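Asks: What TrEMBL lists as domain 'NXPE C-terminal' is 64-134. The domain 'Cas1p 10 TM acyl transferase' feature in TrEMBL is assigned to 295-776. Here TrEMBL flags 311-333, 367-385, 397-417, 438-459, 494-510, 516-536, 548-568, 603-621, 642-659, 701-721, 727-751, 772-792 as transmembrane segment.
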Amino acid sequence: MAALAYTLGKREINYYFSVRSAKALALGAVLLLTACHAASRRYRGDDSCEYLLSSGRFLGEKVWQPHSCMMHKYKNSEAKNCLVDKHIVFLGDSRIRQLFYSFIKIINPQVKEEGNKHGNIPFEDKSASIKVDFLWYPEVNGSMRQRIKSWTEGSVAKPHIIVAGAATWSIKIHNGSNEALTQYKINITAIAPLLEKLAKSSDVYWVLQDPVYEDMLSESRKMITNEKIDAYNEAAVRILNSSSRNSKAKVKVFSVSKLIAQETIMKSSDGLHLPESSRDTNAMILMNVYCNKIMKPIDGSCCQPQPPLTLIQKLAFCFFTLSIIGYLIISLIHRNNYRKNKSCTDLEMGEEKKPAINTPNVSTLEMLLHSFCKLGLIMTYFYLCDRANLFMKENKFYTHSSFFIPIVYILVLGVFYTENTKETKVLNREQTDEWKGWMQLVILIYHISGASTFLPVYMHIRVLVAAYLFQTGYGHFSYFWIKGDFGVYRVCQVLFRLNFLVVVLCIVMDRPYQFYYFVPLVTVWFMIIYATLATWPQIVQKKANGNCLWHFGLLLKLICLLACIYFLSYSQGAFEKVFSFWPLSKCFELNGNVYEWWFRWKLDRYVVFHGMLFAFIYLALQKRQMISEGKGDALFSNRVSNVLLFISIVSFMTYSIWASSCKNKTECNELHPSVSVVQILAFILIRNIPGYVRSVYSSFFAWFGKISLELFICQYHIWLAADTKGILVLIPGYPMFNVIVSTFIFVCVAHEISQITNDLAQIMVPKDNSTLLKRLLCIAGFFFGLLLFSAMQDQSRH
């Protein structure tokens, strides 16, 4: 009864919620969200700097998240590059002095807080010609006005950045009197026009006063209440805003410090001054406000303007626009022809006659344009998500619950959709799709939760990536060994399906090919597998069955391959020379060199070889009927199966214990290429030795496995944000609901792209050799043009 209810429940879900209806719902959601965000930007403005300076929240205890954008954590080298030949002045009281020290520690972390607390403090970095000064002006008075006025006069060099603020001393000295507040208003009114004048050529920030923790204040500071501070802040904001209302140059009000202080002031040592972590956050916000537009960090979307369209992006936009127009024209023509030639009744015979229309060429063209039409709309969504400043972005923040709770959810769903397999062979198609599916879902959760900061999780994810490559070696070796098909058609089909989406994204998102590192990795390994098996002598299963010596010949080939891998992994210079030749360098360079490509290749250098070797051994055992793959049968005899199962479980757990005890990522990465195969083989044996386990699979995981490549690539821009550094925010203020909606759209888009790729592969890679050759010449011409335009772009940028 329970099994019947279980089956009926799945049928009900599948009946009422098909893939087609899901995609229609996703399209509606995208259109609605795009309209809402566009209207919000138009109404509230699209200056993310204002959000950075005025709003945000804490993720955990120490990570500050600005509203709607991402904040970059600047290293001292980046700070020096940004502030080279700059003069920065901090003007104010002891709180501004704290901000000054936090700011210069970004430039030079070795700086100590020394010097006269109630005096001026200079700082200079001669290597970058950076000068930062703290000027002691604890009150907004005539002295401060005179100093600011001196900068407005032509004979004195103006600072590039001015950070000012004061009020607590006025409250303290005058015992919180109303007369002091009145005088403060008069003085800041006199200073405001001078600050506006400076703002025309410099960046000027007025820091509002942070709240205090009244219970911790000393007796001499008891008059500094939050009520008084609020009154002073309201006066400063009102005067500065009214003064700059009619001016293009605007003094930026630094009010976000108040929000930070509200959460952290109770950790203050004296109730007045902020704890060090909060001061550091304020300093980093200042650095982001000024430097993001100069340095353009990927994970610093605050204060960054939308990047201009490149020549290649403009051409891509024109191509997709023409495809949409072409498809609409052909659709209208077909509709009109259908109406004109609608089947009519034969008067003599009384039968319906259907018009004879020659459609094959038209249908192919229509299918091509239809695919590019859909792809163009999808790429527009990609661009809006991760290049245009339409949707919001946020930084990642890791907690154990954000990673492990979703893992439990998908595990439950995977078990719910368990079904019987069509075949019970080791690593059958349904099982490998299931394997790819659950691994991909775990990797997605790993990325969105920011779990890379937790080393045990990182090491296990590295095994999952290695397992994908293991399947690459296993799958392609098995195909070539069994089929013996080394034709151009097979190679082109595989290369097209692997690379089509990435090539389009390189064009639309203006990113290098190596940026999507996994696709270059599997592409190169496929070509290595092909070259290993296709070169003379071609050894396939049919030939080897006639003479066992061919098995030794194949093993010799594999040993040669292993020797080449070993040599390249320990000879970085030779590896870089191979991939530094043009045009390979255009494909594998990232940030001007191929080091990243070498690192990625080296990290899993042996696992593809392990996959090929496993396939060879398994197929040899299968041919000699040394394993039992019947439904419900154990793979080996009971004793052998039990021993292997025990060894596999122990090996699996041993690896997990080792990975969980890792202390250093560099050292663990060095061992990973040699030991990752242990857990992969252990999993394969655990999954396949018991007959029942081998006879079932999760259709839920298998569904995702069929689109695993598209999921991996699409996550870069329409699920994560800022090239995977952050999280896309479609629905601000509701993190859980946002993840649900963005995930739903993301999965629908990935599935549609998978279908588009399959449709285009049939058109672009035909089976007829002469037609295929023509297409290859066209594709070669396309890439030549792409390289030419890319060179022109690079020249114009330099």
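Placement of Cβ uses the backbone N, Cα and C atoms for every residue, glycine included.
Caution: TrEMBL annotation is automatic and unverified by curators.
Source: prediction; values computed, not measured.
Each of these features: where is it, how hidden is it, and who are its neighbours?
Replies: Sequence-remote contacts of a segment are chain residues at least 6 beyond its ends whose Cβ falls under 8 Å from one of its Cβ atoms, and for the transmembrane segment (367-385) they are 30, 34, 316, 319-321, 323-324, 326-327, 330, 391, 504-505, 508-509, 717-718, 721, 728, 749, 752-753, 756, 759-760, 763.
With a cut-off of 8 Å between Cβ atoms, the residues of this chain six or more beyond the transmembrane segment (397-417) that come close are 6, 10, 59-60, 63, 65, 438, 441-442, 445-446, 449-451, 453-454, 457, 698-701.
Long-range neighbours of the transmembrane segment (438-459) within the same chain, counting only residues 6 or more positions beyond its ends whose Cβ lies under 8 Å from a Cβ of the stretch, are 396-400, 402-403, 406-407, 410, 414, 465, 467-468, 659-660, 662-663, 665, 668, 672, 698, 701, 704-705, 708, 711-712, 715, 719-720, 724, 727, 739.
Outside the transmembrane segment (494-510) by six or more residues, the chain places 307, 310, 312-313, 316, 375, 379, 382-383, 386-387, 476, 516, 519, 522-523, 526, 709-710, 713-714, 716-717, 753, 757-758, 760-761, 764-765, 786 with a CB less than 8 A from a CB of the stretch.
Taking Cβ pairs closer than 8 Å, the transmembrane segment (516-536) reaches residues 465, 468-469, 472-473, 476-477, 480-481, 486, 491, 494-495, 498-499, 502, 505-506, 557-558, 561, 587-588, 596-597, 600-601, 604, 608, 612, 709, 712-713, 716 in its own chain, all 6 or more past its ends.
Beyond the transmembrane segment (642-659), the same-chain residues lying 6 or more positions past its ends with a Cβ under 8 Å from any Cβ of the stretch are 456, 459-460, 463, 636, 668, 675, 678-679, 681-683, 685-686, 689-690.
Only residues 6 or more beyond the boundaries of the transmembrane segment (727-751), in the same chain, are considered here, and those with a CB under 8 A from a CB of the stretch are 19, 22-23, 25-26, 29-30, 33, 37, 67-68, 378, 381, 385-386, 391-396, 448, 704, 707, 710-711, 714-715, 718-721.
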Asks: The transmembrane segment (311-333) vs the transmembrane segment (603-621): three or more C-beta pairs under 8 Å (separation of 6 or more)?
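Replies: Since fewer than 3 Cβ pairs under 8 Å link them, the transmembrane segment (311-333) and the transmembrane segment (603-621) do not come into contact.
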